[in-house]
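Enquirer: Starting off with a structure, shown below.
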Amino acid sequence: MGWGSVLLLLAVALLCQRASSIGANWGTQASHPLPPDIVVRMLRENGIQKVKLFDAEYDTLRALGKSGIEVMVGIPNEMLATLASSLKAAEKWVAKNVSTHISTDNVNIRYVAVGNEPFLSTYNGSYLSTTFPALRNIQIAIIKAGLQNQVKVTCPLNADVYDSSTTFPSGGDFRANIRDLMITIVKFLSENGGPFTVNIYPYISLYTNPDFPVDYAFFDGNAQPLNDGGTFYYNMFDANYDTLVHALEKNGFGNMPIIIGEIGWPTDGDSNANLDYAKKFNQGFMAHISGGKGTPRRPGPIDAYLFSLIDEDAKSVQPGYFERHWGIFTFDGLPKYALNLGTTNTGALIQAKGVRYLERKWCVMKPNVRLDDPQVAPAVSYACSLGDCTSLGVGTSCANLDGKQNISYAFNSYYQIQDQLDTACKFPNISEVTKTDPSTGTCRFPIMIEPYYGGAAREHGFFFPLLMVAAIAVSIF
């Protein structure tokens, strides 16, 4: 081989290194999660080469074995106290959930995520004293296992751990009440080769602030730019990312690698959570990072994981109904919209293969029942409390349903989640089973997939606050 060919190959290799592949968050807070082997095949067929997990479920990690997919395995916040207080517990966790899967199953575990957004202000400091000790003990356990060159620790943090005293990125620093702790953690990560992992959500800014400029959430350059001393920011992502970069620089860690642990846009549950906006945001983000341009303060490739891969119908809706609709795929692995991930697909996501469904039948309201029947309201409240009614209401995919259709949707959600048990469609004299699909327009009345019993398929109980049930019940009528 001539020198010209060698140089060409080196150039191609360097180019590939600069164009970081996109990853995806794979959450499993679902009443009926897809079998892990089906999800892994879907990941591979869509060219998704990195996956971020929120736990270390055995079957999930086994399915990822020999796939070549890079894995970030997660430790839930609820485990931090135990791992912080016991090095032995940390060693057992690493042995069971990291070492074994690497040596026996050939899983490409590259990171351990210790906790998930543990310093959110809404947690009221619950994990302030346990996060760093847990992080330290897991790192010690990784070193004892001889995996420190392959597996790095990190701690996914919400973007609220830093802010700006000037409202501009250049004023970025860590939040005053946790600044010392953040510097301790960042220093520890830096010493051990771990990245700073941050979750950035322009959608949340739009959801929580009615005055937030919509165009600034996207990447098409239509927003009024933010002028930070001659550096112009045309979208919120760049401004937020560079606020973190300035915070790191200000505290002596300007070269620390950054991973975007979560970024995405939901498709339902709110007027701004829809297919058009989700496609616009996610495709815009992919185009924004595809050339390795980076941000004004930190040029270069951006390492990121889309949030999320699949919808999760058992997630808490405390933040909002949209929480169950972040997936680029539906709960059963159907693509929601065209999306070019810059991998092996050309804009058409490939659906999950081998998905097995329950029988094609639905639970609906009997046509002769009146809306003011005294049995209706309590039945709907019950169905929504144990089902998923987050697609009902103003601005949602099922917003155009009439009263009876809304009630039918609630009944069917409960019926499907209960695996179509006969008793799950026995609302007193007001419900019946039909084999005629009641779906209409943008509103899909789902048929549930067969339950998966290989792992902790039903360990996540539904959390649907009564106030939210009441709010949906009001919107139905």
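From the backbone N, Cα and C atoms, a Cβ is placed for every residue, glycine too.
I grabbed these lines from Swiss-Prot:
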type	residues	note
ACT_SITE	Glu117	active site, proton donor
ACT_SITE	Glu262	active site, nucleophile
DISULFID	Cys363-Cys425	disulfide bond
CARBOHYD	Asn97	N-linked glycosylation site
CARBOHYD	Asn124	N-linked glycosylation site
CARBOHYD	Asn406	N-linked glycosylation site
CARBOHYD	Asn429	N-linked glycosylation site
LIPID	Gly455	GPI-anchor amidated glycine
SIGNAL	1-21	signal peptide
Enquirer: Counting only residues 6+ away in sequence within the same chain, which have a CB under 8 Å from the CB of the residue listed as 'active site, nucleophile'?
Expert: Asn25, Lys52, Pro156, Asn199, Ile200, Tyr201, Tyr305, Phe307, Ser308
Enquirer: Restricting to the same chain and to sequence separations of six or more, state which residues have a Cβ under 8 Å from that of Asn97 (N-linked glycosylation site).
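Expert: Counting only residues 6 or more apart in sequence, the Cβ neighbours of Asn97 (N-linked glycosylation site) under 8 Å are Ala56, Leu61, Val73.
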Enquirer: Could you check the glycosylation sites Asn124, Asn406, Asn429 and say which one's CB has the most other CB atoms within 10 Å?
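Expert: By the 10 Å Cβ neighbour count, Asn406 comes out on top.
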Enquirer: Where does Glu262 (active site, nucleophile) sit by DSSP, helix, strand or coil?
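Expert: For Glu262 (active site, nucleophile) - judged by DSSP and reduced to three states - the answer is strand.
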Enquirer: Considering Cα atoms only, can you say which of Glu117, Asn124, Cys363, Asn406 is the nearest neighbour of Asn429 (N-linked glycosylation site) among these recorded positions?
Expert: Cys363
Enquirer: Which of the three DSSP states, helix, strand or coil, fits Cys363 (disulfide bond)?
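Expert: DSSP call for Cys363 (disulfide bond): strand.
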Enquirer: Rounded to a whole number, how many Å is the Cα of Cys363 (disulfide bond) away from the Cα of Asn406 (N-linked glycosylation site)?
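Expert: Cα-Cα distance, Cys363 (disulfide bond) to Asn406 (N-linked glycosylation site): 12 Å.
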Enquirer: If you measure from the Cα of Asn406 (N-linked glycosylation site), which of the recorded positions Glu117, Asn124, Cys425 is the nearest?
Expert: Cys425
Enquirer: Please list residues from the chain of Glu117 (active site, proton donor) whose Cβ is under 8 angstroms from its Cβ, counting only those at least six apart in sequence.
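Expert: In sequence order, Pro156, Leu157, Asn158, Asn199 meet the Cβ cut-off.
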Enquirer: Of all the disulfide-bonded residues here, Cys363, Cys425, which one's CB has the most other CB atoms within 10 A?
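Expert: Most Cβ neighbours within 10 Å: Cys363.
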Enquirer: Does DSSP put Asn124 (N-linked glycosylation site) in a helix, in a strand, or in coil?
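Expert: Where Asn124 (N-linked glycosylation site) sits, the three-state DSSP reduction gives coil.
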